[in-house]
Structure formats: C-alpha cells, structure tokens
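Q: Can you read through this structure? Questions will come right after.
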Amino acid sequence: MINKIGVLTSGGDSPGMNAAIRSVVRAGLSEGLEIYGISDGYQGLYQDRMRKLDRYSVSDIINRGGTFLGSARFQEFREEAIRAIALNNMSKYGLGALVVIGGDGSYMGAKLLTEMGLPCIGLPGTIDNDVAGTDYTIGYFTALETVVEAIDRLRDTSTSHQRISIVEVMGRYCGDLTMAAAIAGGCEFIVLPEVEFQPEDLVYEIKASIAQGKKHAIVAITEYICNVFELALYIEKETGRETRATVLGHIQRGGNPVAYDRILASRMGAYSIELLLQGYRGRCVGVQNERLVHHDIADVIQNMKRPFRRDFLETARKLF
C-alpha cells in the first residue's frame, strides 16, 4: 500500500506546473498520504534533495509561472546505475510512488523507473503541446497567449514601416503553437515542421501578396526549421521589402498561467493521485474531448503519434 508519494518537474518548465504540484500535494493529503517534493527533477532525485510538503508549502503558487520545485535536464538518468541510486534515495523516505510533470523526455524517465519497480504517473507539462495521448499539455494555452500578444505588437510596427516580420515560435517538431498563434494573430504566412518548406515558395507567395497591394506581412515559423535571420535576408533580397526576424525564445515559457492551464493542471494532478491509489503504474494522464484519460506511458512514447491538426491548417490557409 502506498503511503508516501514524490512529485517532481522535469525538462523545460511550463506555466501551470505549480498548479499541478499544488494539486498533487493537496489531493494526496486529502487521501491521508504524505507528499515529498523533489528539487530540480531527476537530478534532485539522484542527489537526494527531497522535502516533505504540506498544504501550506503550496499556498499562493497556483497563479505563479515556472516551478517552485525547480527543473533540470539530466541525461545521466538514462544510466541504470544512476537510477538505482535515485531509487535508493527514495526508499530512505519510504516513497512508494512518483508523479512526474514534464514532456516526453520526462516520461522516458518515468517509464524506466516503472520498469525498475517504482509506480509512476506522468503529467504532460510543456508549452510545445507535442505529447501524444492528450489534446493539450499544461502550459500550452498560456504560451499561446504570450505568442499572440507578441504577434500583435509586431503587427503594429510592421504596419507602420510596411515591413515583413518573421516570428519564430517554440514547439520543437510540433507546429501546434505556431499554427494556433498564426490563426489568432492573423499572420499572413505560416511555416510548420509538418509541412514541407521551400524558401522560394514562400517568396513567391509574398510577391503575389505584394502584387495584390499588401503593404506588410507576418510570417509565423516553428523553431528548428531554418535560420530565421538568413531567411529574412533572403526574403528582403528577393522582394525588395524590408524584412526582420524576431525569435521569441524563452519568454514563451514564462508568465502567470491562464485560467485554463490552472484548471487543466489541477484536474490532472488530482487524477494522478486517484490512479496511484487504484493501483495503476506506468501511466500518463491526458485530456481528450475535455475528459481525463490515461494511457500506458511506454505506448505513448514508442507507438502513439500526435495527430497533425490539418483542420487548423486549412482554416489558416482560407483566412490568410
């Protein structure tokens, strides 16, 4: 029987992680469990940096961005000897299960620990919205608001100077954040990792819009597709229109979480406690059609593919 549970945040931070931690702690306490917070993700687990949390430990954090437990990337956790030390550290405190909040890399750590005998539940915490098994991840909607606000501001100056603006959005190899922000921000052009991209095709479309009288434009592009500063030089050379690139960077990860992320994180955190008490292990929580679901974490990592929102792309193309 599980009496004590650990909780950690791992990988890149996302707004709403604090709300998820708060939910895990308070839902666990309501079931008579003891909850321990682990600092700086799997690194803290390995370094034995854990502390007992009570309901006051998580007071006034639901509205705060980031993660008060801290987060880190710890590639060494792939090594079985490192994980064995982490498990031994957990046993010192009598921890019988672990809730992991993070992206697919964090899920991999939870999968490996489960295979070594520790029941783990994963919660999807990333602004990239690139985790399979869930419609939305914790932090995605807050990041979306941040990106749209940036696009709105870029539009003001692009209009004033009759300029082409390129805005690079996070997302790794998932275009959800870029696509949704482009629709909400009224971007004229969109470049996604899921769709083949040729710079000359983009230039052709920009020239066509200029020929139709368009004075300015905003191009939304997901990170890692190309060097956006080189792309800006190429567009300016080919079109004769001043072009500037803006990389939003880590500002997208910060800020107070919006209401939906707080609600989503709270629901998922409480659900993780339910699953552990019901005997589940090696599962990850998601929300699909607004209903909480859970999947085998190994299946999510290895087999499940996140569907591309082609309906969003079609909408975007009609409106641009």
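Backbone N, Cα and C define each Cβ position, glycine as well.
The model shown is predicted, which means the values in this text are computed figures rather than measured ones.
Here's the feature list from Swiss-Prot:
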ACT_SITE  ASP128  active site, proton acceptor
BINDING   GLY12, ARG73, PHE74, GLY103, ASP104, GLY105, SER106  ATP binding site
BINDING   22-26, 55-60, ARG155, 186-188, 214-216  ADP binding site
BINDING   ASP104  Mg(2+) binding site
BINDING   THR126, ILE127, ASP128, ARG163, MET170, GLY171, ARG172, GLU223, ARG244, HIS250, ILE251, GLN252, ARG253  substrate binding site
Q: Name, in the order they occur in the sequence, the residues of the same chain whose CB lies under 8 A from the CB of SER106 (ATP binding site) and which sit 6 or more residues away.
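A: Long-range Cβ contacts: SER10, GLY11, GLY41, TYR42, VAL100, GLY122, GLY125.
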Q: Of TYR56, GLY103, GLY186, LYS214, which is closest to ARG253 (substrate binding site) if I measure between C-alpha atoms? They're all binding-site residues.
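A: Result: the closest of the binding-site residues to ARG253 (substrate binding site) is GLY103.
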Q: Is any of the binding-site residues ARG22, THR126, ARG172, GLY186, ARG244 within 10 Å of GLY103 (ATP binding site) (Cα-Cα), and if so, which, in sequence order?
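A: So the list reads THR126.
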Q: Out of VAL25, ILE251, which of the binding-site residues is least crowded by other Cβ atoms within 10 Å?
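A: Each of the binding-site residues VAL25, ILE251 was scored; lowest Cβ tally within 10 Å is ILE251.
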Q: Of the binding-site residues listed here (GLY12, ARG22, LYS214), which is spatially closest to MET170 (substrate binding site) when Cα positions are compared?
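A: Nearest in space to MET170 (substrate binding site), counting only the binding-site residues, is GLY12.
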Q: When the Cα of GLY186 (ADP binding site) is compared with the Cα of each of the binding-site residues GLY12, PHE74, GLY105, ILE251, which one is closest?
A: ILE251
Q: Cα-Cα, whole number of Å: TYR56 (ADP binding site) versus GLY12 (ATP binding site)?
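A: Per the Cα atoms, TYR56 (ADP binding site) and GLY12 (ATP binding site) stand 26 Å apart.
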Q: If you pair up every Cα among GLY12, ARG73, PHE74, GLY103, ASP104, GLY105, SER106, the residues annotated as binding ATP, what's the maximum separation in angstrom, rounded to an integer?
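A: Between the most distant Cα atoms of the ATP site, 13 Å.
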Q: When DSSP is mapped onto helix/strand/coil, what comes out for ARG244 (substrate binding site)?
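A: Its secondary structure by DSSP: strand.
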Q: Residues with Cβ closer than 8 Å to the Cβ of LYS214 (ADP binding site), same chain and 6+ apart in sequence?
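A: Listed in sequence order: GLU188.
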Q: To the nearest whole angstrom, state the Cα distance for the pair GLY12 (ATP binding site) and SER59 (ADP binding site).
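A: Here the two Cα atoms are 23 Å apart.
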Q: Among residues THR126, ILE127, ASP128, ARG163, MET170, GLY171, ARG172, GLU223, ARG244, HIS250, ILE251, GLN252, ARG253 annotated as binding substrate, what is the maximum Cα-Cα distance? Answer in Å.
A: 32
Q: Cα of ILE251 (substrate binding site) to Cα of PHE74 (ATP binding site): how many Å, rounded?
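A: Given the Cα positions, ILE251 (substrate binding site) is 22 Å from PHE74 (ATP binding site).
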Q: What residues, ordered by sequence, lie under 8 A Cβ-to-Cβ from THR126 (substrate binding site) and sit at least six positions away in the same chain?
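A: Set apart from THR126 (substrate binding site) by at least 6 residues yet with Cβ under 8 Å, we have GLY11, GLY12, SER14, GLY102, GLY103, THR137, ILE138, GLY139, TYR140.
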Q: Same chain, not part of GLY12, ARG73, PHE74, GLY103, ASP104, GLY105, SER106: whose C-beta falls within 8 angstroms of the C-beta centre of the ATP site? Give them in sequence order.
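A: What remains near the Cβ centre is SER10, GLY11, GLY41, GLY102, MET108, GLY109.
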